[in-house]
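Notes follow once the structure below has been shown.
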Amino acid sequence: FADLANVSISEDIPVEGEITVPVGSHTLDEDFSTLDEPVKDTIMRDLKAVGKKFVHVMYPKKSSTLLRDWDLWGPLVLCVSLALMLQGGSADSKDDGGPQFAEVFVIIWFGAVVITLNSKLLGGTISFFQSLCVLGYCVMPLTVAMLVCRLVLLAGSGTVSFIIRLIVVVAMFGWSTLASTAFLADSQPPNRKALVVYPIFLFYFVISWMILTFTPQ
């Protein structure tokens with residue numbers, strides 16, 4: 001290597017290749033990372049995203065918002081809330097007036113998984129977790145129905161109470177079914193939409209039946 005020390009490169013020889021570093025080629029958004037932001041900002045951003053999805057369910061229309069930015073936080077909160085309200089009493093009580101927490105939890109999530117697998121087998125373009133997100137968020141009207149039914153039952157049980165609960169549950173059942181099909185309609189083949197809607201109908205019907213037949217201990 002001693003001979004290489006005396007070798008010099010002439011200034012007339014052009015240097016090939018691009019050696020310049022572009023300035024301003026990246027934006028601030030590319031350098032942004034959730035690891036650099038405060039925990040409060042992360043939590044508030046996620047809460048706002050969940051709130052927007054609740055708004056889309058309250059005003060159902062053909063939209064890809066729930067499919068594009070999916071999450072399972074909202075469905076988990078709704079499932080736990082509904083299961084807690086359907087909890088009629090202690091686990092060792094023989095006169096328990098409602099299904100236990102684990103039963104409701106398994107029914108909701110197992111039903112959502114079965115519907116998702118059915119959708120995929122029929123050629124749907126929606127992903128597994130996107131379908132779970134939509135089905136979970138669309139349980140919100142039935143959760144509201146359960147809350148109303150609990151309040152009505154506090155006033156007493158009778159014919160009038162049953163009629164009020166029946167009207168509320170039927171209305172929210174239709175709301176949940178229409179909302180879920182509105183979000184999932186475009187992701188299914190046109191000639192197989194009925195095969196996808198039918199399991200969704202049964203899924204929300206079972207939940208509605210549990211709510212309607214619930215009687216506190």
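Yeah, the Cβs are placed from backbone N, Cα and C, and that goes for glycine too.
TrEMBL labels come from automatic prediction, so no person has curated them.
Per TrEMBL, domain 'Yip1' is recorded for 60-210. The transmembrane segment annotation in TrEMBL covers 70-89, 101-122, 134-156, 162-184, 196-215.
For the transmembrane segment (134-156), same-chain residues at least 6 beyond its ends with a Cβ under 8 Å from one of its own Cβ atoms are 53-54, 56-58, 66-67, 70, 72, 74-76, 78-79, 81-82, 85-86, 108, 111-112, 115-116, 126, 164-165, 168-169, 171-173, 175-176, 179-180, 183-184, 200, 203-204, 207-208, 211-212, 214-216. Per-residue confidence over the domain 'Yip1' (60-210) averages out at a pLDDT of 81.
Only sequence-distant pairs (6 or more apart) were considered; of these, fewer than three Cβ pairs between the transmembrane segment (162-184) and the transmembrane segment (70-89) are under 8 A, so the stretches are not in contact.
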